[in-house]
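TrEMBL lists 27-330 with the feature domain 'Plant heme peroxidase family profile'. Here TrEMBL flags 37-118, 70-75, 124-326, 203-235 as disulfide bond. Residues or ranges marked as site 'Transition state stabilizer' by TrEMBL: 64. What TrEMBL records for 68 is active site, proton acceptor. For 69, 72, 74, 76, 78, 91, the entry in TrEMBL reads Ca(2+) 1 binding site. Residues or ranges marked as substrate binding site in TrEMBL: 166. Marked as Ca(2+) 2 binding site by TrEMBL: 197, 248, 256.
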């Protein structure tokens, strides 16, 4: 074999490996819509700004849609599909989403605005990625360059939603494994958990901590006692599991690093929040300390981890489709 042939072969193998290891970076692009829909980002941002006028929660709700979409079949907009036609089981009805995931109407409003400006061009999967960035930025958090070019999936995966999305009552080991399964590490886990710096959670997602934690007959010992008393008042034992509570009581609608300062004070709302700091010997503790002391470090890590999450198994090229209505597959 000539040295030229050998070096070409080596280069080809290296390229194939690079594409295999980082499939999305090669295909998603920050300029994907620069000629076909140049105002896409400002259109998305404008609709969300409007929605925030009447719903302070919407920014947190929209970022959660992107998260719950990407963890199931990759970032393909599958979460948005309603039951009907070939979609026999919608991800919307999976346990992590049912009576909990929200903001679908705002996604539809964004889609309508984009169809008016650039018909048939922008995917629903990309709308979720753009909406997440705009939501964080409008909440006072970092901005980042969103990579684009995802296409929309043709199927939903309800069972995948039930098993792949981390539950708020899981151990840190389980949550870490679910992040690792989609290629995200513990820095991504801690940074992305920081999205709980805004938004709300229903009592049913954490009331197991308040009275009888893990069958002990006592509250979760990692809960600050005065915070515990407040939560027990908001979420009495036989009360409504749907009552809303601020994930970050200190600045409930602002994207900042107070979430991590709350963890240092044993004021994480969800079990999965507080475990990041209170699990003995965990590698997450030093990351929490860093983010609590350095908001810039948190913002930089969060932006990178959002890009990493947005890179989970996208459909590109001729895969999938560009849905005309985010709620249903074209032609159904």
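Every residue, even glycine, has its Cβ placed from backbone N, Cα and C.
Computed from a predicted structure; not experimentally measured.
Positions of the features from TrEMBL, shown on the structure.
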{"residue": "37", "record": "disulfide bond", "Cβ contacts under 8 Å, 6 or more apart": "114, 117, 118, 121, 122"}
{"residue": "69", "record": "Ca(2+) 1 binding site", "Cβ contacts under 8 Å, 6 or more apart": "75, 76, 77, 78, 79, 80, 125, 128"}
{"residue": "70", "record": "disulfide bond", "Cβ contacts under 8 Å, 6 or more apart": "182, 309, 310, 312"}
{"residue": "74", "record": "Ca(2+) 1 binding site", "Cβ contacts under 8 Å, 6 or more apart": "153, 312, 313, 314, 315"}
{"residue": "91", "record": "Ca(2+) 1 binding site", "Cβ contacts under 8 Å, 6 or more apart": "68, 72, 78, 79, 81, 97, 156, 157, 158, 160, 161"}
{"residue": "203", "record": "disulfide bond", "Cβ contacts under 8 Å, 6 or more apart": "234, 235, 239, 240, 241, 242, 243, 245"}
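Nearest to residue 256 (Ca(2+) 2 binding site) in space, judged by Cα atoms and limited to the recorded positions 64, 124, 166, 326, is 64.
Counting only the Cα atoms, the space from residue 248 (Ca(2+) 2 binding site) to residue 326 (disulfide bond) is about 31 angstrom. Take the mean position of the Cβ atoms of 197, 248, 256, the recorded Ca(2+) 2 site; other residues of that chain with a Cβ within 8 Å of it are 194, 196, 198, 247, 250, 251, 252, 254, 255, 257, 258, 259. Once Cβ contacts within 10 Å are tallied over all protein chains shown, the binding-site residues 248, 256 are led by 248.
Comparing the Cα of residue 197 (Ca(2+) 2 binding site) with the Cα of every entry in 64, 124, 166, 326, these being the recorded positions, the smallest distance points to 64. A distance of 12 Å separates the Cα atom of residue 166 (substrate binding site) from that of residue 64 (site 'Transition state stabilizer'). Counting in whole angstrom, residue 64 (site 'Transition state stabilizer') lies 15 from residue 124 (disulfide bond) by their C-alpha atoms. Those residues of the chain, other than 69, 72, 74, 76, 78, 91, with a C-beta within 8 angstroms of the mean position of the Ca(2+) 1 site C-beta atoms are 68, 70, 71, 73, 75, 77, 79, 125, 153, 156, 157, 160, 161. In sequence order, 77, 80, 107, 111, 152, 323, 326 constitute the residues six or more apart from residue 124 (disulfide bond) in its chain with CB-CB distances below 8 Å. Around residue 78 (Ca(2+) 1 binding site), taking its Cβ as the centre, 28 other Cβ atoms fall within 10 Å, counting all chains. Here the recorded positions are 72, 75, 235; the one with the fewest Cβ atoms within 10 Å of its Cβ is 235. Just so you know, of the disulfide-bonded residues 118, 326, the Cβ with the fewest other Cβ atoms around it within 10 Å is the one at 118. Counting neighbouring Cβ atoms within 10 Å of each of the binding-site residues (76, 166, 197), the lowest count belongs to 166.
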